[in-house]
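To keep things clear, I will list the structure first and then write my remarks on it.
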Amino acid sequence: MKKMNLITAALPYVNNIPHLGNLVQVLSADAFARYSKMSGIETLYICGTDEYGTATETKALIEKTTPLELCNKYYEIHKSIYKWFNIEFDIFGRTTNKHHQETVQNFFLKLEKNGYIKERETEQFFCNKDLIFLADRYVIGECPECQSMAKGDQCDNCSKLLNPTDLINPKCIICKNKPILKKTNHLYIDLPKIKTKLEKWIKNPTTSKNWNTNALKMTNAFLRDGLKERAITRDLKWGIPVPKKGYENKVFYVWFDAPIGYISITKNIVKNWESWWKNNKQVNLVQFIGKDNILFHTIMFPCIKIGSKENWTTLNQLSSSEYLNYENLKFSKSEGTGIFGNDVITTGIPSDVWRFYIYYNRPEKSDFQFIWQDLMERVNTELIDNFSNLVNRVLTFQKKFFGDVIETIEIQHKFWEQITPKYNKILNLFKNTELKSALKEILKISSFGNKIFQDNEPWKRKESSPQEIKELILNLIYLIRDLSILMMPFIPETSKKIQQFFGNSYQFSTKILGTKSGIKKIEFVEILFNKLEQKKINDLRLKYSGEKNMKEKEQPENLFREKVLLRVVKINKIERNPEAKNLFILKLDDGTNKDKQIVSSLEGYYTEEELLGKHIIIVDNLKPAKFRGIKSEGMLIAAEDKNKNFKIIIVEDSIKNPIAGERIILENDQNKDLTCPPKIDINKFSKANIITENGELKINGINLILEHSKNKILSKDIPNGIVC
């Protein structure tokens, strides 16, 4: 029975401009789809923009537009970038298409009918200032796993799936106030009830044998931890309405509706869509995703399909990639670091060069750092000195010394015996979505061709052994034709150009690999690529390095903003370290209902009675340390003058009724979306250069204040000094 390849790339959020790392999945799926088509397999490559949910609604608020207008804008931006990269989607749609709402609601109604939906009264964060329930991504705070800034559904840094209540020091993303928990009703999909069927499906040898090792490990680990009911509704306006009485003001959570978008996008364009999505016998479903999307494709979406009790096409091949990072920096438009899709277009570097480099370094098993110098070196050596050089030198030699016409070839069997087996290896690598390995094997063949040319010295032997050299060149010409086919999934425009040299209509079929006929003439030859110059690379690196902002970043106030987290805590209990009586062990309330303690050498400065019940300020993101065997989870801050007088900053000097857990910020950072800095050592804190000036804590002349009450932080006892 004929096999069909149904290929998807993870639907990108439509609230931003894709950067180089975001392009890995759509490019990977594009290469596989091109391979599939030239192998004679009926193929459908689907992608589209993921347009509903909190991220879109939030971005629309920031840009002061409607969610739909925002989606329209970014859809066109995404589409133009993908077009420039020569990504040949069969369908590039949107989840705001006319079929999406109906398709999502039908899935829900079937799940409800089959007993997989539960109604729960839950506590959800509510913002008293904005008077709204906060969806998961409207809540930000510190990830309990890695201490990075995270949103309430998932940590982007460590990929841990979260609930908003898991976050440390949660805040409303809109107003930055601390939300309260309030009762609300939501609908949940009963994943535990589907678990047995899901595990049976995953353990089936035909299911997961073609999944990445990392994807399988992550999925099995998630199953071992036990599936939990997961909410599928949210208190939002921008989303798919819930077709259930009492839920008229709620929408489906984006994780529930987005993967169904693969189906609805197909349905919107293809009349016989069921032949693709309800055809397990013939269709091979191949999905390309980033590692942060693994569980949504191996657990969540399969559970939705299983729970509907319909014969949906199920996942066969899963190709998950790691992260592509940028020069040890974070991609950030605002900071000018990293290169984004629209930037790539303006570099003057052809799209095939970018495609080549991304495939050459595709992060299949580990993260990869994009480095400008490496781009130049890989492109100049592998793409140009190896591949492009072979094409140019062989075709130019033929045209110059033997003419345009290609005679009947005398097959050099030893030559092809070394090459033909490699074709099968490369095609198998393509089939198994090992794209980086496939490309590197192709380049080995190109390198072999260059070696054969060099070793035979045709420029010397064309007179003494003309027939032998002519046969060598003709065999190399057919090798180049084959290389143009194998390279087509990676550098399609260049492959077409090579075949234009032969004057033929394009011949991109794996069936003609190794054949020695079909080329009649060399019409013309020209250089495929120009080498990347060091000056150009240096200029581009500088342009996208964010170095123009480095001086600003090094200012103490910016170091404080990015690296230091100060928080108000209340001293609930004080103990002495039995091993060192000068060390006070302070038991603290930081507003999270979790015990926290710090160790400080306070003997001779304070008694326990003077400090008990007081509110002080600690460096809350200091790396934990041990003092005489006792763990310390932060450091209190104090002021010291030139005479070495030392006094702790007591918050009661600044405000009558301090609140434990409140953050200390710069006065000019009011109402800003502040990040939660990572763990730091004491040196990072020292570089912030906090001082007391006329009784007020300042950095570079800017006052430190309480985030919510806005009161200035005062130092009554040490009006002028340093903070340590």
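Quick reminder: no glycine exception, Cβ is built from N, Cα and C everywhere.
The motif ''HIGH' region' annotation in Swiss-Prot covers 12-22. Listed by sequence, the residues of this chain that lie at least six past the ends of the motif ''HIGH' region' (12-22) yet keep a Cβ under 8 A from its Cβ atoms are 47, 49-51, 55-56, 58-59, 70-71, 74-75, 77-78, 81, 94, 323-326, 331, 333, 338-342, 344, 358, 370.
Less than 8 angstroms from the CB of CYS155 (Zn(2+) binding site) sit CYS143, GLU145, CYS146, SER148, LEU162, each of them six or more residues away in the same chain. Taken from Swiss-Prot, the feature Zn(2+) binding site covers CYS143, CYS146, CYS155, CYS158.
Sequence annotations record features per position, and here Swiss-Prot assigns motif ''KMSKS' region' to 330-334.
Here Swiss-Prot flags LYS333 as ATP binding site, drawing on sequence analysis.
Sequence annotations record features per position, and here Swiss-Prot assigns domain 'tRNA-binding' to 560-665 based on sequence analysis.
The most crowded of the binding-site residues listed here (CYS143, CYS146, CYS158) is CYS143, judged by how many other CB atoms sit within 10 Å of its own CB.
Sorting the domain 'tRNA-binding' (560-665) by DSSP state (H, G, I as helix; E, B as strand; all else coil) yields 11 helix, 53 strand, 42 coil. Secondary structure counts, DSSP: the motif ''HIGH' region' (12-22) has 3 helix, 2 strand, 6 coil. Taking the mean position of the Cβ atoms of CYS143, CYS146, CYS155, CYS158 as the Zn(2+) site, the remaining same-chain residues with a Cβ inside 8 Å of that point are PRO144, GLU145, GLN147, SER148, ALA150, ASP156, ASN157, SER159, LYS160.
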